[in-house]
Structure formats: structure tokens, C-alpha cells
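Engineer: To start, I am sharing the structure in question, which I have written as C-alpha cells.
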Amino acid sequence: MPVETDFLDGLNESQRQAVQHFCGPLLVVAGAGSGKTRALTYRIAYLILNHQVNPENILAVTFTNKAAKEMKERIELIFAQRLAQEKEGERLELLPEHKQVKLRSRAYQDITKHLWIGTFHSLFARILRQDINKYQDPKGYQWDRNFTIYDESDAQSLVKNIVTKQLNLDDKKFNPRYLRYSISNAKNQGFYPEDVLAQQPNYRGRVISEVYQEYQAQLASNNALDFDDLILIPARLFSQNESILGYWHKQFQHILVDEYQDTNRIQYQLINLLATNGEPKKQNLNWENRSIFVVGDADQSIYSFRMADFTILLEFQQDFGDGLPDDDTRTMVKLEENYRSRENILEVANTLIENNSERIDKILKPTRGYGEEIYCYKAENEIEEGQFIRRQLLTLQNENPELNWGDFAILYRTNAQSRVIEEAIRDKIPYQIIGGLKFYDRKEIKDALAYLRLLTNPNDTVSLLRIINTPRRGIGQKTIDQLISASQELGVPLWEIIRDETSVNTLAGRASKKVNEFAKLIQRYQANLDQLPAVEILDGILSESGYRQDLQNQGTDEAENRIENLKELDSAMTQFAEENEDNSLEGFLANAALASDLDNLNEKEEKVSLMTLHAAKGLEFPVVFMVGLEQGLFPNRRTLDDPAALEEERRLCYVGITRAQEQLFISHAEERRLWGSREPAIPSQFLSELPEELVNYSSPPIKPRRQEKKDTKKDTGQNWQVGDRVFHKTFGEGTVTHVLGNGEKTNLAVQFPGIGRKIIDPKIASLELI
DNA sequence: TTCTTATCTCCCTGG
DNA sequence: GAGATAAGAA
Ligand SMILES: Nc1ncnc2c1ncn2[C@@H]1O[C@H](COP(=O)(O)OP(=O)(O)OP(=O)(O)O)[C@@H](O)[C@H]1O
């Protein structure tokens, strides 16, 4: 009999039904903020607790690394909580700090460490580390386990090199960016170069196909994979090799996918293969002790540019489910209550999304009542828009002391918009920008990583070329060209030439001494790769290569900054080694390649978050500013003549609105600077689609007050008692179960129905006695 | 070979 | 308007 598990208290009836689902397929569909992610997370815990499923038999796919990390933390807490009650007979948060730490570490060692939770890319990169040598490529390409993962800029420079150097095409006519995008799209549909040509039997198609072919050949000879390969190669490997598929099918008995509406066909194929072991007939499937559980919302599908296809979500019922009508089906659960947003915010979002024709209507009931008014502000230009944001932030923060800067988000369509906003708020308001230039995209970081990649994977010519003359060591373009053409003639990787002293001496002329010194340096570190911890390798190579010294000599602020960033790389490495119990260089490099800027978002830091609407998917904030609602910007210019693309923009807008919990500000400018020139801008069509009665188009008062709230006193002097009924801004109504400490140091343990027990400092959070 | 200056391209979204 | 890149000078 299943143990009754108190964490089910935090779920409504439909969520509970989803969480308690054990075997077979289940689709959870629901609008924004209805607790889909929570249901998925709790189900993982429930499988382990009540069905004794082994954590290593669970595969859960999230959309971002950050979401994966949070999910692991939640599960860890659930188990630590249970341990606390079993072993100590007490709630976790009421135990002394060191005991809490110990229990969490137990939960990590026993449970979460073994779970396979991550993005498609990180999970399947891990599988490839194990099995890529068994992959048989139809073209005969081969990779080994030390493969390097190329990020977008590596991939683009490879394409560019092919276009200009090898195929001698005009890169004006075929810009490498466009070609790279075409290749990526082809891969995300499982196409080989020949397929591209067959689909597009014209000059353009031939060029794309040729570049693609050469690109793939070079990836292989560099022993490198791009992001798309991390999905595509496992899919091909599983299709061609029954025993490998069988192994992973057996391993992953329970498969869960979050944000299922944004999976693409290849990702679907992977999930399908793992779930069915390649059995095509639905009726032959044996779901004993197995399940597939996906959650999603077709209205939040916003990644079609990455070949995501929300019809995959719509087809789940046919693919896996019983295919019965909604009233009778046992393989679909709908969640219809929204726990995140105020009623007016939700209504605005729902009204907007109804303008899409390609959709299935859903119910999404508010649970939180009307909140503050929604304002739409018309700014003169983008600078004045920034001023508006600044004014509002300062007033709101001033008037609502319970809000800290981390409770605000500013969302925009394109990264380029962040600049002006940053300028407007930087002197008064702490902020963090998510996206744009990623940490791992910075020049100095890429240089450092190139050294490290070269050590683990000497075939990685892209990295080799990046650092062979960085810092300047007198190895010029002519020398490099000589070496490259020799390597091409002999058909060996460039590194093979460079490390061979005699070849270098004949080829490199004056620079040969320098090349040999460089080769010796690299070889010395390669020899010590397994002996030294990763951090020491990094430090050593940065010093001995003269990289750090070179920066120090420059003495500029910029160089200072780069040195700081390199130090940060150092701590990132240490942190990675600790968190993952992995101090190998390979492990760290894979992690770095897959890292996204979103991973740096820290809610606990009290900073306003600036990010794109795409990056905000899955997040929530008490106060949201959605800015730049102008025709051509949002919806974006390129979508205006494509109805499907326009609908996706509208979904993006829906996502933006539904990030807000308490209050939403929308703004647009009448004039905006684009690439240096000023352009008039007309308001976004989405604005006219919002219900007029719920949006206030006049300027918000300088000192807006939270109206609905009764006076929340920040009661330091209040005498709190066990049993008091209280109201909290985020958690709602609850009951005080413990009063901890006294006087200035009083903390309260409050039990919130449906949420659990929280420790609250009444001096920081405003608690109302009711 | 490296540094400086003029010209060109680009920004829609990201693992 | 910035960052990348190509051409020209030291
Ligand atoms: N049963 C519940 N009772 C109260 N609050 C809940 C419940 N379920 C979820 N929540 C809260 O509602 C908010 C939204 O939950 P969650 O992120 O799981 O929703 P979601 O459906 O995944 O959202 P999105 O579609 O926007 O990603 C969270 O703050 C969560 O803590």
C-alpha cells in the first residue's frame, strides 16, 4: 500500500491524479501557471517513494539546465524532509543547520545524484560519452569519447571557413549565418546533405548540401559535434543498434518531459524510441513498470525557429494515449486552475491568445482575485521608455517594502533592447542581464577553453587555430596556411603536423622555433592531463602560455576585466567539480559548452532581471515589465507576412504576460533607434487585442498603492502566537505552528495549506494577522 | 608580422 | 552604433 505522503497536500485534485499516475502514457495539458512543472517534479518523488522506483531508472527532460537544477533541489528537499521526520521526528527547517545539511546531503547521495534530469542536450551528451564509438555513420565518419562540443560561434566559423576557403563561394551571396541555419534546420529534421538537395533541387539547395557535407566531414575530423548532433546522433544510433537501444530502454523505465510543446521531431523520435524500444505498434507495447509522462501547453510553443513543433504535443494521444475523447480518456489530465497570476492579468492573457486560430481552447480559472491595475505606457522614444521603467521601479520599491529587487523582471523581444534600459537604471537599481553575451562566449573565456579543449582533444583544429597565435607569439597567417595545406595534403589533423618537429622545421621557416615551443608546451600538459586537477591545468597553461601576462601587460580596464573573468572561470571549475563530484577536464568542458546564461539567474540575489521573453519561459515574477510593444519589433518584422509565425509571436506575448504574479506594466515607444537611425514606431497589434477595460492607458500614478491589500503592518512588536491565522503575499493564508526565538529575532513557522510549512521572518515579509 | 584606420555588416529568439 | 574585417603603414 502506498504510504500517504504529505507533500500531496500541495496539489489540487487533477495534479494529484497526474502525480499518482504510475504506468503507461500520460499527457498533462494546461495553460500557464497551472502547476505543470510542480506536478512533474512531485511525480518523480512519488515514483521513488510509493512505487519504489530506482532513481537511476528515471529520465526527466527539462528545457533549461536551470530548470533541471531546481527540479533536483526540490526533490532533494522532499527527501530530506522525510528523513528529518523519520530520523528526528521534526520538520527539516526546524532542525539545527548542520543537521539540515547532513540530511540534504544524504538525500543527494541516495536519490537525486542518481536521477537523470537535464536538457535533451546534456542528457544525450552524457549518453554519447559512453556510446558514441558504437555509432556507425553511413559516411564512415567516426568520433571518440573525448569529442568536443562546438557552440554556435565555433560552428559558424567552421561554416565560414568552408564557404570562403574551401568552396570559394561568395560569402556575400551565401552568408555563413544563413548556411549554418539551413544546416541546423536540416539536422533537426534528420536530413542528410543528399536529402537537402533532393528537397531543393536548385543551385541554392546544392550549395547548402555541399557546405553541409563538408561541414559534417570537418566536425568529424575535429572529433567535434554541434548542438544538433547531440540529439541527432543518438537518434540514429538508437535506430541502427538494437542492443544499445535495448540497454537504454531498460535503463529508463519512467520518462518525463517538461515543456513538451517545444520538442522537435528528432527529440520526439528519441523519446519514442526509448519509451517503445522501437516497437511501432501501439497495441504491442508493454507498459508494465514503465511510463511516459509529458506536460506542456501548446499556447506556449515559442521555439519553432529551432524546429520545435507543437503538433507533437497534440499528437500524443494518438501516438501513445488511448485516443479517446477528452471526457473518457485515461491518458490525459487537464489542469485548469492558475495559481500564479492575478485574475486581471490572466484575463488579459487569455483574451490575447484567443486571437490565435491554430489552437484548442482551454480553461484556465483564476484562483487569486483581481490585483493591481495593468498599465500600458506610451513613451516618446526608447530612452524615455527606460526612464518610465526606472521611475516605476523606484516608486514601487519605495511604496512596497516587502518587494525586493529580485521580484522585478523586465522582458523584451530582442537582446539589443537591454542596452538602453540598462543605461536608464544602472545608477540606482541593481540588475542582472540574462542572455546576450554569455559568460562562456567572452573572448578570454573562449581562448582559455580552447587551450583546454586542445589538451583533451588534439584533433580539435578550430581550437588549435584559435590559440596558436594567442597571445601573439610570432606565428603569422602565412606560417599557419603552410601548415594547414600540408595537413590537408597528408590528410592528417593539423596537430599531427605541428607536433612533429621535422615537419615544422621544413614548413614553417622563420617561425618554426615558435611553433615548436608552442607544441612542446601543449604536449607537456597533455602528458599530465590525468595527474593534475582541472583547475591546476587551467592555471598552469594560462601562465606558461603567457596569456595572463599578456593581459597584465596591456594594463587597460578591459584587460583587468578579462583577468577577473578568468578568475571566475577558475571558480566555475571548482564549483562544477564539487557539485558534480567530477574533477575531470572533459566533464567540465562538456558542461561549459552546454551552459546557458539563464543558469546564472539567481532569484535570491536582490537584482532586477532583464531578459528576453524567450528566456523567461517557465519563470515567474511578482512584477513584470513587458516593453517595446511595437509593430515590427514585437511582433517582429520577419513574422508580419507569415500567419503561423505571427501566431507564435502572439504566444510569446502570452508567455510574457503570464510571467507576472501581481502586477504587469506594458510599454511601447513612438520612435526607436534602429542601427543608428531613428525610426517612427506604431503600437503593436497585440495591444489592440487586449481587453480595453482591463488596461489603463494613462500614466500610472507616481506613487501607486497596492489597493487590494489591507494595511500590512510590519510588526516587530507584535506578539505572535501558535495558532494565529496569517496572510502572506506569496503563500496566502496559513497558521502559525511555531514561534522561534523572541524579540527582534522572532521567526515564525507557518503552515500554508497546499504549500507546506515555511519559516518566515515577520520583519522582512509582511504578514497580516487575520 | 603587427598595429592602425576605413569600411562593412548586422540583431530575432537559444541549447 | 558597434563589432568584425579588410586594407594600408610601420
Ligand atoms: N496546487 C497548487 N497550489 C498552490 N500553488 C501551486 C499549486 N501548484 C502550483 N502552484 C504554484 O503555481 C506557480 C506555477 O506553477 P508551475 O511553474 O508548476 O506552473 P506551470 O504550469 O509549469 O507554468 P508554466 O506553464 O508557466 O511553465 C508556482 O508558483 C507554483 O508554486
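Numbers here mean position along the shown chain, with the first residue as 1.
Cβ coordinates come from backbone N, Cα and C, glycine included.
The feature ATP binding site is assigned by TrEMBL to A:ALA30, A:GLY31, A:ALA32, A:GLY33, A:SER34, A:GLY35, A:LYS36, A:THR37. Summarising the annotation, TrEMBL assigns domain 'UvrD-like helicase ATP-binding' to A:9-342. Taken from TrEMBL, the feature domain 'UvrD-like helicase C-terminal' applies to A:343-618. Feature annotation from TrEMBL assigns region 'Disordered' to A:697-719.
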Engineer: Can you tell me how many other Cβ atoms are located within 10 Å of the Cβ belonging to A:GLY31 (ATP binding site)?
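Structural biologist: The answer is 25 other Cβ atoms.
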Engineer: Measuring Cβ to any atom of ligand 1 with a strict under-6 Å cutoff, which of the binding-site residues A:GLY31, A:GLY33, A:LYS36, A:THR37 qualify?
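Structural biologist: Result: A:GLY33, A:LYS36, A:THR37.
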Engineer: By a simple count of other Cβ atoms within 10 Å, which of A:GLY33, A:GLY35, the binding-site residues in the record, is least packed?
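Structural biologist: Counting other Cβ atoms within 10 Å of each of the binding-site residues A:GLY33, A:GLY35, the minimum falls on A:GLY35.
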Engineer: Quick one: give me the count of other CB atoms within 10 A of the CB of A:THR37 (ATP binding site).
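Structural biologist: Within a 10 Å radius of the Cβ of A:THR37 (ATP binding site) lie 19 other Cβ atoms.
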Engineer: Can you work out the mean pLDDT of the predicted model over the domain 'UvrD-like helicase ATP-binding' (A:9-342)?
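Structural biologist: That stretch averages a pLDDT of 94.
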Engineer: Return the residues near A:ALA30 (ATP binding site), defined as same-chain residues 6+ apart in sequence whose C-beta is under 8 angstroms from its C-beta, sorted by sequence, else 'none'.
Structural biologist: A:LYS36, A:VAL295, A:ASP297, A:LYS334, A:LEU335, A:GLU336, A:LYS362, A:LEU364
Engineer: When DSSP is mapped onto helix/strand/coil, what comes out for A:LYS36 (ATP binding site)?
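Structural biologist: Note: A:LYS36 (ATP binding site) is helical by DSSP.
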Engineer: Can you check which residues sit near A:ALA32 (ATP binding site), meaning Cβ under 8 Å from its Cβ, same chain, 6 or more apart in sequence, and list them in order?
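Structural biologist: The list for A:ALA32 (ATP binding site) reads A:ASP297, A:ASP299, A:GLN300, A:ASN338, A:ARG340, A:SER341, A:ALA349, A:LEU364, A:TYR654, A:VAL655, A:THR658, given in order along the sequence.
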Engineer: Return the single residue from the binding-site residues list (A:SER34, A:LYS36) that has the minimum number of other CB atoms within 10 Å.
Structural biologist: A:LYS36
Engineer: With an 8 Å cut-off on Cβ distance to the A:ALA30, A:GLY31, A:ALA32, A:GLY33, A:SER34, A:GLY35, A:LYS36, A:THR37 Cβ center, who else from the chain surrounds the ATP site?
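Structural biologist: So the additional residues around the site are A:ASP297, A:LEU335, A:ASN338, A:TYR339, A:ARG340.
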Engineer: Secondary structure at A:ALA30 (ATP binding site) (DSSP, helix/strand/coil)?
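Structural biologist: The residue in question, A:ALA30 (ATP binding site), is strand (DSSP, three-state).
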